[in-house]
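Taken verbatim from TrEMBL:
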- 208-231: region 'Disordered' (REGION)
- 17-40: transmembrane segment (TRANSMEM)
- 60-80: transmembrane segment (TRANSMEM)
- 101-134: transmembrane segment (TRANSMEM)
- 154-172: transmembrane segment (TRANSMEM)
Amino acid sequence: MSDIGDWFRSIPAITRYWFAASVAVPLVGKLGLISPAYLFLWPEAFLYRFQVWRPVTATFYFPVGPGTGFLYLVNLYFLYQYSTRLETGAFDGRPADYLFMVLFNWICIVITGLAMDMQLLMIPLIMSVLYVWAQLNRDMIVSFWFGTRFKACYLPWVILGFNYIIGGSYPMDLGGRNFLSTPQFLYRWLPSRRGGVSGFGTPPASMRRAADQNGGGGRHNWGQGFRLGDQ
């Protein structure tokens, strides 16, 4: 148990709470402590019955069962891997910026969910974070199942198809104007430690340095790839 505790405490804070909620809420529904009917995002219940908790519970809830357990575990793995890599990589030292990005993605997904009657939001939010990671590392070569290898920019679409098969877009362009900035109250709550990403549309410092070294043209060689799950 101490090993599990040490591993859990080693997860960066935002990813740790997100991961914990994504385990706890499905468990609560599975044990029947709260009826799963209260955990889905139903537009009528949210808009007309003022059940305001539904966008939150729908983000963490997943109906785990014999036919969905594998899909749930795979996406829980994606949450842990790619949220951790973003929080400790491009957003390292800037938890407020990372939390703001996740919240912005979540708001967009909730609005889309209400409009399109999406009752579960766990996988869309995980996919949005994976998409951001893939765009920041778009030229990195990754390996998927059965030895397939491709650039990271294609990973979200591969996983989207994978989820569709076993379970029966958020555009971001690095560079240009900074249209969204992290609110100052998040900086007061989660102070930055050192440089990194600030807001949307601005590449991280490492990418700017690489562009400068290459004369501002071409793409950076991100080096050797890795297999999913390797640190």
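Every residue gets a Cβ built from N, Cα and C, even glycine.
Long-range neighbours of the transmembrane segment (17-40) within the same chain, counting only residues 6 or more positions beyond its ends whose Cβ lies under 8 Å from a Cβ of the stretch, are 8, 11, 51, 53-54, 57-58, 60-64, 72, 76, 79-80, 83, 102, 119-120, 122. Under 8 Å from some Cβ of the transmembrane segment (101-134) lie the Cβ atoms of residues 14, 18, 22, 40-43, 46-47, 55, 58-63, 75, 78-79, 82-83, 85-86, 89-91, 152-156, 159-160, 163, 169-170, 172, 180, 200, all in the same chain and six or more residues away from its ends.
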